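To start, the structure itself, in structure tokens.
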Amino acid sequence: IDPRSAERAPLPRNMIENSMFEEEPDVVDLAKESPSYPIDSDDAVYEPRSSRLLVRGLGENDLDEDEEDYESSARLLGMSFMNRSSNQRNVASSYTRQQYSESCLKPSTKTTVVGVLILVLVASMIMVIYFLPGCTFTRKGCKKSNSTMDSIYPISTSGEPFPWTELRLPPSVHPVHYNISLHPNLTLMTFQGSVSILVQVLHETKNIVLHGSDMNISKVTFEGKEVHVLEYKPWQQIAIKFPEDLKKGQYVLNINYTAQLSNSYDGFYNSSYVDTNGTKRVLAATQFEPLAARKAFPCFDEPAFKSTFTIKLTRERKYISLSNMPKVKTTDLKNGLQEDEFGKSVKMSTYLVAFIVAEFIGVSNNVSKTKVSVYAVPDKKDQVQYALDTACKLLEFYNTFFEYDYPLSKLDLVAIPDFLAGAMENWGLITFRETTLLVGSNSSSIDKQLVTSVIAHELAHQWFGNLVTMRWWNDLWLNEGFATYMQYMSIETVFPELDMDTEFLNVRFKALTKDALNSSHPVSTVVSTPEQVEEMFDSVSYEKGASILLMLNATLTDGEFRKGVIEYLQKYNLSNTESEDLWNSLFQVSPFLSEMNLWCLQSDCISLFTRTKQRVVLSMIKAVTKLNNVHFYIMMKHSLWHIPLTYVNDSCSVPSSCKQVFHLKDKTATLNLPDQVKWLKFNFRSDGFYIVHYDEEGWKNLIDALKGDVTVLSCKDRAALINNIFALSRSGKVSFRDVLNLMEYIRNETQTAPLTEALFQLGQIFRLLDKRSEFNLASRMTSYIDDHFGSLMESQSWDLESSVSEMTLRSALLEMACSLNIRNCSTQAKHLFDQWFISNKTFHDLMRTVFKVAAQTDEGWGKLLDIYKHSINDQEKRKTLEALASTQDIRKIIWILQRSLDGSVIQTQEFPLVINAICKNFAGYLYAWDFVKENWDKITQKFPVGSFAIQSIIMSATSQFSTKTRLTETQNFFTSLGTNGSQMRIVQEAIETIKLNMRWMEKNLNALQKWL
């Protein structure tokens, strides 16, 4: 994620520390927990962590182990704590001691003692009478209070103690079946609901605790008798207390309630769009993952509480309704209403329940025993066929690959006009953004690549996530890591023309970058609060999880990985699992995987590689970790990794048959090589989740080989070398001169993967220089890019291309050229825009670049805004919006920020995209940052704290800061938020990224001035 010059003063210190002077509450509120990720102090010594697995050369001058142990011990003493300043009043006022008159006689010691004792006794009696309640002196006395209950249990909305003290629900009661009836009113934007839950009491208990949020409960009955319900809003929990223990067995709980349709993007929410006739249309849809089913109906809203569901929806006749299961009947009601009843569902988690009431139309096809349908608004009915064909082919593939057929009789894919996530895998009713499902006749192959990728991901979830579900959100990677891996693997098989290999490589590079941060987390980690649950939806759960699975599959042979996966699905179908269950299934087919689970449990490791003549010494050494401002080095046995280290050499380096594997399990190991080997390249095709650092001779030999013939390594290996050396430069392991040495070969490069990676890395450095107002260096970087890529940029055709790989490369080259005004690119783009505008507007894979150039003039910007308002092609709208946000006109920037947040012209779901696009350019990045700060409360009302949208907004706005002033400003702002955001992990990542930028700039500015 990418994000002017006037420096702004930091927020006053007292704005951050007001909480220091608040009075302590009389009753402890367990919902108010201290931040899970305390913000670092300004004085904290910062040392970046290297990427997960770093293989690097050990030179003669490096510390030996004893010296490193000494340095490690020294660092342990380097603790620093935040200094706090305050303006507390001086409670000790000055006084003057009175002088006794000499005419007064001094009392005797005995008299003094007796007097003091009498005064103390009288004062004590007065205090006892004053502080004891009046009931103490009555015959009945005072009612004895339950001191434990009063001091420990939170207080419900009624003022009574709430009978549960944890965020997680008690395990004593489980749901068996839900009967849910809902009637949404799309005029008043409210809904009425009733739910009947058949529950199983597993252990005797006096309480039933479940989830419910933002609803008015009118009546609750248990086994036909009305009962009183308690609510604790901070934890979104409701409870029913009973005078006696409920015995083991089944009971029925009924709850009637009303609620507002949500105006955010979760729960049961309202959405709207304007059709081509200018008529506003409304609909109601759901988004329950991760914690929002409780906003639509009272439920046990945790993944492990699987149950079956029967759903009824009441609607007006002009609407249709959809849910997870097929509709079994429709009943006519009074006032022209109809009630649709859907079949009993399979056993599933609450976050997978879904229902929609809307004016949609669909097309269908059959795959084996499943009816596959795609729904959209009527104006876009001609854009659904590609998605239908793609879904059918992928469903067939998954049925065969998993040897377990999709278990439902229908599968609906629905395009929602107003939808925050890319898509949601609700079982049998998958919901999408329109841009990730609909494909028009003029859409490019790159647009089809995106749609195919999202469909493949969501269909994979029907097995990984729906059929087998993680027990708790700490193992979200079991859902998202598998779905991400399967989306790439399935498309490479079913749609090889879409070039997903390069895309998956870029995804792995992204995950390595994220995982290199101290503030990153293991794939499987502790999760407690709702904010922490939201934060699990990040590149570690998705891309790192997928990368680990790729590494396993690349290491195993004879289809062992697939066998283990099938074993896992068959053993745990319709159940919940933990990471250990997956590893056990894989271990059954390949015993060597017994230690590979550490890849999910650890988040730090460095591997060392060095070469002395024909011996390669591999060492796994200490990983630098940071915890609560203390830096220390891991030396324990359990910090070691089992690394399937792959490599090739100069004798055979490109075909898969050249790959050799060395299993590194110990702290040190030696690999002997034949005398004739000239160089080694580790991590063949970057299938392993680690980066590689060679000693000076190792880098030199590889660079010389590439300068002589770029084809001595595969294009993936060349891209990996580029990615690794930039990452090593960022962490301070190599100088920028070493980076430039490798980049000298790039003039001879022709393949997409290494060229796009090089452009991405150089573009990041250019933006850092630009935002820092290092204009001279930014200009020299532009010249450097022109010198190394200019001829290739100039040779690109502006006509239509058919190959996705060529489209991707051309888009990257020309977008860079136009943004830096290289080689007459902008003139060509303006000419193409004029042709496109007066023609039938046939869509083109270069339109994003072309639109961005057009948006730099008032006339072009106005045309693009008109196109955005009236287009019904969603890929076109998104590219148009990104171009509108790339303007250098401050008035337009402010306007687009306001309109995208309030949703009046631009859908609020696009606000993160707008922030990202504005922050890429010098003109608007500080305005965007100020806008985020000033509107934080509004933003967090639209997007949940910790959600991917919030993560994107924060990183886009701050990731290109590289000065102390901006660091302090960022720290102060997020500290001032308190419980409304300061505890987020993404805040730590943003601060760490700024520090890395500062460190890199301090170390490399002189080198840039010398070598650019």
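From the backbone N, Cα and C atoms, a Cβ is placed for every residue, glycine too.
TrEMBL annotations:
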BINDING   His457, His461, Glu480  Zn(2+) binding site
REGION    1-24  region 'Disordered'
SITE      Tyr542  site 'Transition state stabilizer'
TRANSMEM  113-132  transmembrane segment
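Each residue contributes its Cα atom, and for Tyr542 (site 'Transition state stabilizer') and Glu480 (Zn(2+) binding site) those atoms are 5 Å apart. Sequence-distant contacts of His457 (Zn(2+) binding site), defined as residues of its own chain at least six apart whose C-beta falls under 8 angstroms from its C-beta, comprise Ala423, Ala483, Thr484, Met486, Gln487.
Of the chain residues outside the Zn(2+) site list His457, His461, Glu480, Glu425, Glu458, Ala460, Phe464, Gly465, Asn479, Phe482, Ala483, Thr484, Met486, Gln487, Tyr542 have their Cβ within 8 Å of the site's Cβ mean position. Counting only same-chain residues at least 6 apart in sequence, those with a Cβ under 8 Å from the Cβ of His461 (Zn(2+) binding site) are Glu425, Asn479, Ala483. Sequence-distant contacts (6 or more apart, same chain, Cβ under 8 Å) of Glu480 (Zn(2+) binding site) comprise Gly465, Phe537, Ser541, Tyr542, Gly545. For Tyr542 (site 'Transition state stabilizer'), the count of additional Cβ atoms within 10 Å of its Cβ stands at 24 [all protein chains shown].
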